[in-house]
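Visitor: Feature table excerpt (Swiss-Prot):
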- L9, C10, G11, K21, D65, D94: GTP binding site (BINDING)
- D94: Mg(2+) binding site (BINDING)
Amino acid sequence: METLTTFILCGGKSSRMQSEKGLVLFQHKPFIEHIIQAILPITEQIKLITASKEYDYLPYEKIPDLVLDKGPLGGIYTALSHSETEFNLILSCDIPLISTELLQELISKHTEEAGITVFASESKTHPLIGIYSKKILPIIKSAIEADELKMMDLLAKVPHQILNIEESENFHLTNINSADELNDLNINLS
């Protein structure tokens with residue numbers, strides 16, 4: 001695959017976490033630093049989709065959402081609008097267990113025909129760990145204009161590729177949405 005840009009969707013304040021989600025600490029480090037650590041062996045082209053000054057300590061370009069209050073789809077729209085590469089790795093900011101190996105698998109198995117490539121097990125699809133092609137921007141724009149913001153609805157509209165994973169691999173793709181989920185994660189790892 002030609003050059004790739006990574007965009008981390010930092011979202012905003014999480015009501016369930018009471019703070020910026022990407023800055024929640026896990027093993028003494030913010031979530032976002034775990035994610036960046038997994039990306040760096042692959043590319044240094046990393047940009048953050050956020051308007052928050054709380055991420056200013058990181059040496060990466062920060063891009064505020066072009067459209068507000070449109071959830072992850074708005075973040076992906078912003079990312080692809082600013083991207084200079086055909087292929088883009090889009091990641092949410094709440095996946096501290098993501099590994100370089102899983103990201104490399106995603107990148108190596110992506111085919112040019114697919115507008116989106118994501119992981120899925122029998123029980124769960126992971127749309128916010130994916131390769132997104134810049135060419136699907138018009139489809140995302142239409143979805144936002146129609147207020148059709150569900151990620152699974154977007155997948156249904158776009159030629160996409162699902163990389164099947166075992167149920168046990170879901171663990172590394174887990175997104176942490178609440179303090180309870182973070183506690184569960186810490187217990188599972190101890």
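Here the Cβ of each residue, glycine as well, is placed from N, Cα and C on the backbone.
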Visitor: When you measure from the Cβ of K21 (GTP binding site), how many other Cβ atoms are you left with inside 10 Å?
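Guide: Other Cβ atoms found within 10 Å: 23.
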Visitor: Select the most exposed residue of D65, D94, where exposure means the fewest other Cβ atoms within 10 Å, treating these as the binding-site residues.
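Guide: It is D65 that, of the binding-site residues D65, D94, has the fewest other Cβ atoms within 10 Å.
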Visitor: Among residues L9, C10, G11, K21, D65, D94 annotated as binding GTP, what is the maximum Cα-Cα distance? Answer in Å.
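Guide: Site span for GTP, by Cα atoms: 18 Å.
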Visitor: Please list residues from the chain of G11 (GTP binding site) whose Cβ is under 8 angstroms from its Cβ, counting only those at least six apart in sequence.
Guide: K21, G22, T50, P72, G75, S92, C93
Visitor: Just to confirm: which same-chain residues, 6+ apart in sequence, have a Cβ under 8 Å from the Cβ of C10 (GTP binding site)?
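Guide: Counting only residues 6 or more apart in sequence, the Cβ neighbours of C10 (GTP binding site) under 8 Å are E20, K21, G22, I32, L48, I49, T50, S52, Y55, C93.
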